[in-house]
Number of protein chains: 2
Amino acid sequence: MVVVGAGIAGLVAARRLTQRGIDTVVVEARDGVGGRLQNGELFDDVPIDVGGQWVGPGQHRVLALLSELGLQTFPTHVAGRHLAEIGGKRVTYTGRIPRLSPRILADLGQAQWRLDRTARRIAERTDPWRDREAQHLDGQTFASWVQRTARTADGRAFFRLATQALFSAEPEDLSALWALHYIGAGGGLDSLIETDGGAQQDRVVGGTVRIAEELAAQLGPRVVLGSPVTDIAWDPAAGPAEPTGVTVSGPGTRVHAERAVIALAPTLAGRLRYSPLLPTDRDQLTQRMPMGRVIKINVAYSEPFWRTAGFSGQANSDTRPMGTVFDNCLPGDDRGVLVGFLEGRHADAAARMEPEQRRRAVLDDLAGYFGEQARAPLAYLEKDWAAEEFSRGCYGAFGTPGTLTRFGPALRAAVGPLHWAGTETARRFPGYIDGAVESGERAAEEITAALG
Amino acid sequence: MVVVGAGIAGLVAARRLTQRGIDTVVVEARDGVGGRLQNGELFDDVPIDVGGQWVGPGQHRVLALLSELGLQTFPTHVAGRHLAEIGGKRVTYTGRIPRLSPRILADLGQAQWRLDRTARRIAERTDPWRDREAQHLDGQTFASWVQRTARTADGRAFFRLATQALFSAEPEDLSALWALHYIGAGGGLDSLIETDGGAQQDRVVGGTVRIAEELAAQLGPRVVLGSPVTDIAWDPAAGPAEPTGVTVSGPGTRVHAERAVIALAPTLAGRLRYSPLLPTDRDQLTQRMPMGRVIKINVAYSEPFWRTAGFSGQANSDTRPMGTVFDNCLPGDDRGVLVGFLEGRHADAAARMEPEQRRRAVLDDLAGYFGEQARAPLAYLEKDWAAEEFSRGCYGAFGTPGTLTRFGPALRAAVGPLHWAGTETARRFPGYIDGAVESGERAAEEITAALG
């Protein structure tokens, strides 16, 4: 078999196939494995995550994989007071709930209750487009849904911030059905936005890319790097039961196999040339699932000065461009690291700035949260995922309105010898590493079943 | 210069540049010119439009071009009674307005008044994303807008039918801002949905592709067919003022020029490989402007039997898959031709059928409109534009929610030596042949200006 893409989805699929004695090659465009998981160099000596970096409770597949691969996790630092700026008010708090006014808390409570109730119902079905409200929810933006559900301006501001943090998109961009499906499939809003007890709870020692590296090490020479794929050709004449195989090629690359797993985000998969052309449902789907947009920034200091001041390092704001910040210190290292995200429209604005101007804006925000010391970093490392040729955005793709109800089944439906993987296709935790693992396992199962 | 794409936009740009003494080559993927304008063979001897086929009043640019090229038009047949099925009721009518119930007519009247008022205001500005309601309108689907504006179920059904007819998409798919921009830029809803006095008023003798063929004839060997472009490379080091040129290439094709016009729909332009990568705003835009989906069907009979029965051949239904039908007889030919469109979700369903099943469904609809004689055609010709490798849908691309306000300026903004054309970039009649002409002229002007 051949797998296109050495992100977690592709590597998991290849490993499972190989374990079953099925000869498999993985072809990867980048010079390294991991896809949206990547290490950067903030200090000369220590790698740090510049892509997806967290795992959390309920993400059983990735947790099992970490354990199987012998990789260690460590908790995100949460001790101290968190910071929140909502509706022009600055509060510090510990635990889950900022001390906002009772009126805002009541509004958030009822809106989140409605959101979670519907999101869980959608997640209980395997396919969100079969939900009884699917047409209604897919016909509106998440912004429209929030507008009707949250009754206060501050409540709506909270949902905008949460949308940016989860999707690196604006509530206006997303189908409400996609948003609810995604949140439900991740176990509800708290499960996704929380640190302790949620999807930001734990980090991987050495970086999450270690998962990909360990998988690749097991696959050895079966992983071929630096080989962008541009063309996928197969012969439909033989019929679906007996395909004559598929040829995957690019400049300097040509692999023939019985079946292929395309482990790429929908937009990237849509930019390959297929012969014969893909079914139109599948092509239309790939035209309508854009990537989110985020610039991730790690900033290093000689020490974690915010801890000394009693802060956890976790900060959120509905007005600052860098609306979400966490303590990102490295284990066994005395230096301080903060990580922040410019998401959605904030990424648009920041990407149009000169690097020096952007750095200043980021340090302004950090100083606003934690004080003037934030203006004198040891090191500064930014990663604009929309500018990555082989990602074109992060954290993941999202469904624009009408897409899931019109083309949802094409997300996973195999086409002749072509099987689709990637976190966007997952039933649980789509957009997360856990979803990527699920999708790779499913694609491998499809192929195993097809081989009889 | 080099132009990618020999649709109307690309050919108009190339002709204008050539007229100014600027040496220009057009590279086209298909074996013929015209892009979304194309002739098919319904009868052995007579060509008929299987793509865009109409021009109308107010479309000054394409009308001037037709006149300049010496091409003739003829009016779409409108004599007789039109048919409309709305809200389970079947009415026949002449002129503009079906004899629906006063309650529905009143609702349609007030909703269309609101639509046109806002659409015209948006069109009066050059850029829809600068409208004072831009954020609000771009944050919702056109379905949400219609839901609040039309008060009766039948009124909403009318707007769904109109959306399918104008965009070959569902109201759920579109940004309300895109829908209103598009309608305003086309002179209002009546201007776009009408036959006599509107955008379906006239046809071109020999087919609209004759426009492209005449332009190509003037360009002669400067138009290179059968040459799909896959790569666009330029050197940004020289600075925007003095680019060192651009190389456009594909299998067997390689053209170097000072500047390039990319005259492709956004999705197609987004699927090329650019070196250096495009600015992220532009890439994000191309991820978020999918093509509409339509199957166009011409059906021929030994005579136009509907005319004998007093029908014009124009029929609409809010329940039948083929919701829009016109008389499409050819001048000087006694045989009868009806043309119908399966649009949006109806195209989804029809594309999943076996050809024989789809043909039966189409003839069922025609028989439902015009009687049993419709079941015995002389000839049947269908064109599924989503299945066209070098179009990927029709009539045009649309903006999903949030796209115009976040990335609208990237629609037209030149990138180094790369200039963007295509009907989607037009200020007047985007999605129409007229808009394609405008966009080609604008791109040629940009290049002329850049050359000083």
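The backbone N, Cα and C atoms fix where each Cβ goes, glycine too.
Marked as domain 'Amine oxidase' by TrEMBL: B:8-447.
Summarising the annotation, TrEMBL assigns FAD binding site to B:E28, B:A29, B:V229, B:E424. Long-range Cβ proximity for B:A29 (FAD binding site), meaning a same-chain Cβ under 8 A and a gap of 6 or more residues, is found for B:G5, B:G226, B:S227, B:P228, B:V229, B:G250, B:E389, B:F390. B:A29 (FAD binding site) carries neither a helix nor a strand DSSP state and counts as coil.
What TrEMBL records for B:F341 is substrate binding site. In sequence order, B:Q164, B:A165, B:S168, B:V294, B:I295, B:K296, B:I297, B:M322, B:G323, B:T324, B:V325 are the residues of the chain that are 6 or more apart from B:F341 (substrate binding site) and have a CB within less than 8 Å of its CB. Look at B:F341 (substrate binding site): DSSP puts it in a strand.
Less than 8 angstroms from the CB of B:E28 (FAD binding site) sit B:G5, B:A6, B:G10, B:V223, B:V224, B:L225, B:G226, B:S227, each of them six or more residues away in the same chain.
Secondary structure from DSSP puts B:E424 (FAD binding site) in a helix. In sequence order, B:A265, B:P266, B:M289, B:G396, B:A397, B:L411, B:P430, B:G431, B:G435, B:S439 make up the list of same-chain residues 6 or more apart from B:E424 (FAD binding site) whose Cβ falls under 8 Å from its Cβ.
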